[in-house]
Structure formats: structure tokens, C-alpha cells
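Read through the structure below, which is laid out as C-alpha cells, and then see the notes.
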């Protein structure tokens, strides 16, 4: 349902004031995404309690997705101003949208089932809780930003996307396994509850879902004339 809605409808028929509001919203989402890359979104008490692992926070899928979303959005700004860097956004936008969709869905699903499956137990202690706005900035706003980026962009075929999803899933599995070997626990608590083959199936499933989401984007947005 969400993917099937063409975002070009957001700008079609809008007057300059409405377009300005959309641009302002986009700017706000870019800033919150950049803000979410750093520790400022976290409760200071939580940062202290998990300091041992803070140097590895950029192994979090959330952080990786945020970084790709920011690259996509900034390259989009440059593309709108200069007409350059279309190829950069063409690569990163469908990847960032796919990643953010997966991040948002899995995070909130597990968060609603049991917070301890997705959130470090130290951050759940009284006084360590992450504010709701911070959670939204990391796990909702970037997805909206990636979606809005399609309002003035035409997705072109890219032979590397499918290979990227497969290779990324393999590399990420190796990295989180190395993390677990070093620290004695996985970077996401729910992975500790899975057996070896279950984790393999999980990562293979994520790669498959990513390819499906990308394929849906390509069918919807390829060769579409951007809204102006």
C-alpha cells in the first residue's frame, strides 16, 4: 500500500507556497537525519551505560541506513541545483529507501513485541530511556525523506543494485558475527535468540526482501517524468 502511492502526486498541482512547505519539510528531515547520526539523539545516561560499545555504533543497520539516506538527499540537492550527480542519487536513493523501509518495519515490529529484542537493556532502565522524538528521527523520518526524494527524480536502471543487496547482506552478516565473537553478544539482542542457521536464514531473507522492495521501486519510478 505504501509503496504503490506515487510520490509525484505530492507536488503535482501545488502552488508555490505548498511547494515551499514540501521543500521545508525535506530540509527538516535532512537535518533530523544528520542529527540522528550522532549521540545527541540519545539520553546522556544511556550513552554512559553503553560506552563500551559506542565505538561500534556505526555497525548498527540504522546508522548505515541513515548515512546512505543523507548521501542520497545531499546528492539530490546538488542534482537539483547543478544537474550533476544524478548517477550518485540513482544508486543511493533506491538503496536508502529499501534499507529505511526494512529498518522502520523491523524496529517498530520488535519494539512493540518486546523492546528488549531490539534495544539494549541498559537503555531501558529508568532515566536512560531514549525520547520518542529521537526514535522517530532515527526510525521514521529517514523513510519519509527517502520517499519524498522521489517527487522530483526519475529512477534509471542500474546493474549493480541487485548485486549490492546480496553482497551487503553477506558482509553485514560477517561484521555482526565478528562483533558477537569479540563482545560475546550480537549488536541487536534478538540475534542472540536465533541459532546459527536461523541467523543465516534471517540475513538471506532480508536480502530477498530488499531485492523485492527495490524491484517494486523500479517498476513504479522508472522513466517517470519528475514533477516540477
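Note that Cβ sites are derived from N, Cα and C of the backbone, with glycine treated the same way.
What TrEMBL says about a protein is an automatic prediction, not a curated fact.
Features reported for this protein in TrEMBL:
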- 20-38: transmembrane segment (TRANSMEM)
- 58-79: transmembrane segment (TRANSMEM)
- 91-112: transmembrane segment (TRANSMEM)
- 162-184: transmembrane segment (TRANSMEM)
- 196-216: transmembrane segment (TRANSMEM)
Contacting positions for the transmembrane segment (196-216) when only residues 6+ beyond its ends and CB under 8 Å are counted: 3, 94-95, 97-99, 101-102, 161-162, 165-166, 168-170, 172-173
Spatial neighbours of the transmembrane segment (20-38) far in sequence, C-beta under 8 Å, 6+ residues away: 10-11, 14, 63, 66-67, 69-70, 73-74, 134, 137-138, 141-142, 144-145, 148-149, 151
Same-chain residues near the transmembrane segment (91-112), Cβ under 8 Å, at least 6 residues beyond its ends: 3, 61-62, 64-65, 68-69, 71-72, 75-76, 118-119, 139-140, 142-143, 146-147, 149-150, 153, 155, 158, 160-161, 164-165, 190, 206, 209-210, 213-214, 217-218
